[in-house]
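S.K.: Quick one: this structure, given as structure tokens, is what I'll be asking you about.
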Amino acid sequence: MISWINGELVETWQTNQKFFVLINCQGLGYEIQILESFFLKLKTNQISNKKITLWIKHIKKEDSDLLFGFTSKDQKFFFIEILSVRGVGSQIGMSILNKFSISEIIKAIKTQDKKLICSIPGIGQKMSDRLILELKSKFKSKIQIEEEKGQEEFEITNPEIYKLMEDLQLTLQSLNYKNKEIKTILPFLIKELGLPTKKEKNLSFENLLNLAMNHLDQGNSNLAR
């Protein structure tokens, strides 16, 4: 059973609404389905380091082995929780994470926002009801953590900026920066850019990523002296 992989990116491709990478790990090529957000970052060269790390959910079937890759452990285990719901398959699980962030889905489950959940491709009214019914109790503590992180630690109420910062955190994790380092850079960026109040419309993910990496690399350089 494969649970985690670190290797060199060989190729990316898209088949309908499925997004894939081929990773070379010690001479073996692993075909892995990934989320659209990470796929787009790779395709637009927003991630210069082509050696990537993914958390893997390995699903065995009679005629095939399927690998689903995520840039954080949280994404992987959220995906697993989604698959625990009756009638929800792997592609529905990927559609959910392609459409919304973890915090947005958890909030929708908590508030029983069926309209938002039904906007996800492949999910109708009955499946929306099942997702809310079967996941609401599981994510009770997780909701509190997400809300605390979004309001008290980061103080971001704008959903677009929150999603931007969440994507930044996941990307830095995939580039092998330590969680301790990442936790220090996020408040710095928020304070430096005045994100909660300015809500900058022209702020790009690439600029944020470069600023974060430069700051982290500078900090590591100072520690090495």
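Quick reminder: no glycine exception, Cβ is built from N, Cα and C everywhere.
Look at Swiss-Prot and you will find 1-71 tagged as region 'Domain I'. Annotation source Swiss-Prot lists region 'Domain II' at 72-150, citing sequence analysis. Feature annotation from Swiss-Prot assigns region 'Flexible linker' to 151-161; the stated evidence is sequence analysis. Under the heading region 'Domain III', Swiss-Prot lists 161-225, citing sequence analysis as support.
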S.K.: Could you tell me the mean pLDDT the prediction assigns to the region 'Domain II' (72-150)?
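M.R.: Taking every residue in the region 'Domain II' (72-150) and averaging pLDDT yields 83.
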S.K.: Helix, strand, coil: count each for the residues of the region 'Domain II' (72-150), based on DSSP.
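M.R.: With helix first, then strand, then coil, the region 'Domain II' (72-150) has 58 helix, 0 strand, 21 coil.
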S.K.: Counting by DSSP, what is the helix, strand and coil composition of the region 'Domain I' (1-71)?
M.R.: 8 helix, 43 strand, 20 coil
